[in-house]
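The transmembrane segment annotation in TrEMBL covers 6-23, 30-50, 56-75, 87-106, 118-138, 150-175, 181-200, 212-230, 236-256. Taken from TrEMBL, the feature domain 'NADP transhydrogenase beta-like' covers 8-475.
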Amino acid sequence: MITIYTVVGLILTLGVLFGIKLLSSPKTAVLGNLIGSISMLCAIILTLAYNNILNVSLLWIALILGGIIGAILAIKVTMVQMPQMVALLNGLGGASSAIVALIILFNNYGDMNLVSRLSSSLALTIGAITFSGSLIAVAKLSGKMKQQPIVFKAHTLLNTISICFIIFSIIVVSLPNISRVVYFTFSIMIFLVSIFYGVAFSIRVGGADMPITISLLNSFSGLAASVAGFALYDPLLVVVGAIVGASGLILTQIMCNAMNRSLRDVITGRTIALNSDKIIEKGYANKEVAIKKSKSFNISESDDEQIKIIKSLISQILEEAQSVMIVPGYGMALAQAQYIIKELYDKFVSVGKEVNFAIHPVAGRMPGHMNVLLAEVGIPYDKLLELDESNAKLSKTDLVIVVGANDVINPAANTAEGTPIYGMPILEVKKAKNIFICNKDTKPGYAGVENPLYNDEHVILLLGDAKDSLKIIINSF
């Protein structure tokens, strides 16, 4: 039977979908975010009204407190901290689903059918994994844990045992006529082992794979909510959670393809990066790195006379270049150089140069990280080119300016077999006529593979703080 709740819920679901649709363009993103948020708020109020609990003051206190906390975070959290914020929100979503599932399991013993017990157990599992896994992601992204993969003894075996135990426990909890003690014991064990598995899963993922992990955890948070909706017999929660889960899985697959990873390998830690010493020991260092032909300058150590020489060299290239491609990476986010990049972009445009931005799908520490930072400073969205479109233009580009990117431009990805980046699609900046690389140093990127691009004769290395290097470029016009 179709009820008013079902009809209104469907309308609000369409509102969420329409909001997501509007997020595809920066011009309508703010409106889309507003429509999606209002739809979700209305869905919450609709659920409270449907269950006849609008008069419970504690719920309204929670809503107001949540709104205040959200407003404070929206004001205080910077764009550089956005990956951590997204990971934290994923974790809180998972925790909410896990708490709901625990309440259902504990309050309805003896009154639950197979579907309710099974869906509640699954929601508890996925929610707990999402919560603990997201907290590890937050710790790694914020520097409170080292970003390198942490692998302990028999890691894979422990993960396998954990999964098997969780499955066994879900089966036990779903059985009819089991004793109360067994039921509650295994429900708690599902929660605890799932928390452990979330930690064990995330802790072995390195910083380079963090965009995939965040996207996957986002999918998990939606999936947990959807399964919790089944346990609550709430179709609105089922549908909205499924939207988040499905979109997260699609994005995760896109991220995997962009990094030449399989999702299974990321989850099991098989793509963990080796450190630089181990790369060299195993013969992973690119043997084609020849005598250095590039021009290298350490900006922080250069005196006034050297700065004049650098400006003179750069000035000639800037004058001749008609087409420019800027390649941002995680180093741009760390240096918060997006503001001065906007200044550089405006300078190029003012003198009639064609300027675009080459965005690698996994540049940064979350999906769309570079897009968000550049949109923040007002870079036109049509200037942000995806991988294939960028590569089609790079061979015809007069000047490429790399800001804080390494692995995503490393030509060794095409030749250095056995390395963590081998086979990963990269931005083919090597094909450009001239290249400025504004990186902190020439050390290998996160994957630990030397970058032969640093030795090309048409490369100028501007080492040190990216903002200082970009200022020199601007002052060289």
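In case you wondered, yes, glycine gets a Cβ from its N, Cα and C as well.
Touching of the transmembrane segment (181-200) and the transmembrane segment (236-256) is ruled out by the presence of fewer than three CB pairs under 8 A, sequence neighbours closer than 6 excluded. Long-range contacts of the transmembrane segment (6-23) within the same chain, counting only residues at least 6 positions beyond its ends with a Cβ under 8 Å from a Cβ of the stretch, are 29, 31-40, 42-43, 46, 235-236, 239-240, 243, 247. When each of 30-50, 87-106, 150-175 is scored by its Cβ pairs under 8 Å to the transmembrane segment (56-75), the top-ranked stretch turns out to be 30-50. Sequence-distant neighbours of the transmembrane segment (236-256) (same chain, 6+ residues past either end, Cβ-Cβ under 8 Å): 5, 9, 12-13, 16-17, 20, 40, 43, 46-47, 211-212, 215-216, 218-230, 262-263, 266, 361-362, 367.
Touching of the transmembrane segment (118-138) and the transmembrane segment (212-230) is concluded from the presence of at least three CB pairs under 8 A, sequence neighbours closer than 6 excluded.
Segment contact holds for the transmembrane segment (212-230) and the transmembrane segment (87-106), given three or more CB pairs below 8 angstroms at sequence separation of 6 or more. Outside the transmembrane segment (30-50), and at least 6 residues removed from its termini, the chain residues within Cβ reach (under 8 Å) are 5, 8-9, 12-13, 15-16, 18-23, 56, 59, 63, 234, 236-237, 240. Within the model, the domain 'NADP transhydrogenase beta-like' (8-475) carries an average pLDDT of 86.
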